[in-house]
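Novice: Features from Swiss-Prot:
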BINDING   C146, C149, C199, C202  Zn(2+) 1 binding site
BINDING   C163, C166, C185, C188  Zn(2+) 2 binding site
DOMAIN    5-70  domain 'J'
REPEAT    146-153  repeat 'CXXCXGXG motif'
REPEAT    163-170  repeat 'CXXCXGXG motif'
REPEAT    185-192  repeat 'CXXCXGXG motif'
REPEAT    199-206  repeat 'CXXCXGXG motif'
ZN_FING   133-211  zinc finger
Amino acid sequence: MSKRDYYEVLGVGRDASEREIKKAYKRLAMKFHPDRNPGDKAAEASFKEVKEAYEILTDANKKAAYDQFGHAGVDPNRGGGGGYGGAGDFGDIFGDVFGDIFGGGRRGGQRQAARGSDLRYNLELSLEEAVKGLTKELRIPTLASCDVCDGSGAKKGSSATTCGTCHGQGQVQMRQGFFTVQQPCPTCHGRGKIIKDPCSKCHGDGRVEKTKTLSVKIPAGVDTGDRIRLAGEGEAGEFGAPPGDLYVQVTVREHAIFVRDGNNLYCEVPISFSKAALGGEIEVPTLDGKVSLKIPAETQTGRMFRLRGKGVKSVRSHAVGDLLCKVVMETPVNLNERQKELLREFEATLTGESKKHSPKAEGFFDGVKKFFQDLNS
């Protein structure tokens, strides 16, 4: 079956602790265990999937490789001629979680060739790239169908035969004390088939390691957390089974000027004391260049101005966000004597008129005065 994202399988976030991962694993393994769901193939498949996700995410090295490269980073078949492994083995679940609560049971039916694993590629973009869209060339390490044997794993003119040990199931029963568990077949290594004359290139695996280059169109407006699915661009399936998909996971880097919130952009623009008091026009940066913004007289620091349509075009609709500019008044520095003198003269003109010129300051000091009066009464 298709390999889903391991974090999604366990229902945990990417920042989940090992304890949270183990807790989720126990709950799901108990829910899907084959002995609780006899004859339920879907539950058995889910059980195997949960176990595989747990094994990867609780191994520090495997988890790091998976976080970077997705399933390609932890595929046990990447060594060349290796056998089937991973999710198909659930015999050792007893020691991990349930002790000797459950017993095993033989499941009928021949093992089907597995669909190729899905791959994930972590793509980091600048804000400009994410907003405008672009085409990216991606180099993807993957498993491709062997071009010598056409994915069969067998030498030209020969073919695979059903394993006589497991009769095509890929697993055998093992008696351990009072319990019976299943393990990968030691003869066919869990494949269910025997290749007597393996292909010289893929050594019987049917797939070979390959790094392919894809040209991927990134739509305008993508944001961190968005995922682009490329159907059929994952790993090749086993022995001619369908390939998996490739998921491009988008992360947008922080910007030096703008902060993005959905389709809106935010920025802070410094203005001088005189410009805030007297009003005028200032230049404001946008992703398309500078625009002029009219500042009314007596503008207070922290006031927000909205420039409609200067934000981000939605990737899912025709809506366009806004640019919100917060003006921040700068206190002048490195003043010469003449400038200081002018400010002193200006300050002197405000004496006795604070309510008129600084209503917020006057209200604040009135509040402080009342606070201490109440405190001492």
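From the backbone N, Cα and C atoms, a Cβ is placed for every residue, glycine too.
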Novice: So around the Zn(2+) 2 site, C163, C166, C185, C188 aside, which residues have their CB within 8 A of the centroid of those CB atoms?
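Specialist: Along the chain, the qualifying residues are G164, T165, H167, G168, Q169, G170, Q171, V172, P186, T187, H189, G190, R191, G192, K193, I194.
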Novice: Under DSSP, the repeat 'CXXCXGXG motif' (199-206) has how many residues in helix, strand and coil?
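Specialist: Residue counts for the repeat 'CXXCXGXG motif' (199-206) by secondary structure: 0 helix, 0 strand, 8 coil.
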Novice: For C188 (Zn(2+) 2 binding site), what is the secondary structure state per DSSP, taken as helix, strand or coil?
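Specialist: Assignment for C188 (Zn(2+) 2 binding site) reads coil.
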Novice: Identify all same-chain residues not among C146, C149, C199, C202 whose C-beta atom falls within 8 angstroms of the centroid of the Zn(2+) 1 site's C-beta atoms; report them in sequence order.
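Specialist: Everything else in range on the chain: D147, V148, D150, G151, S152, G153, A154, P198, S200, K201, H203, G204, D205, G206, R207, V208.
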Novice: Let me know the DSSP-derived helix, strand or coil state of C149 (Zn(2+) 1 binding site), please.
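Specialist: SS state of C149 (Zn(2+) 1 binding site) = coil.
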Novice: Could you tell me how many residues in the zinc finger (133-211) are helical, how many are strand and how many are coil under DSSP?
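Specialist: Helix, strand, coil within the zinc finger (133-211): 0 helix, 35 strand, 44 coil.
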Novice: Compile a sequence-ordered list of residues in the same chain as C185 (Zn(2+) 2 binding site), six or more apart from it, whose Cβ lies below 8 A from its Cβ; state 'none' when nothing qualifies.
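Specialist: Those within reach of C185 (Zn(2+) 2 binding site), by Cβ under 8 Å and sequence separation of 6 or more, are C163, T165, C166, Q169, G170, Q171, V172, R191, G192.
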Novice: Taking the Cβ of C163 (Zn(2+) 2 binding site) as centre, how many other Cβ atoms lie within 10 Å?
Specialist: 22
Novice: Helix, strand, coil residue numbers for the domain 'J' (5-70) per DSSP?
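Specialist: Split by secondary structure, the domain 'J' (5-70) comes out as 48 helix, 0 strand, 18 coil.
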Novice: On the 0 to 100 scale, where does the mean pLDDT of the zinc finger (133-211) fall?
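Specialist: Computed over the zinc finger (133-211), the mean pLDDT is 87 on the 0 to 100 scale.
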Novice: Same-chain residues six or more away whose CB lies under 8 A from the CB of C146 (Zn(2+) 1 binding site)?
Specialist: G153, C199, K201, C202, D205, G206, R207, V208
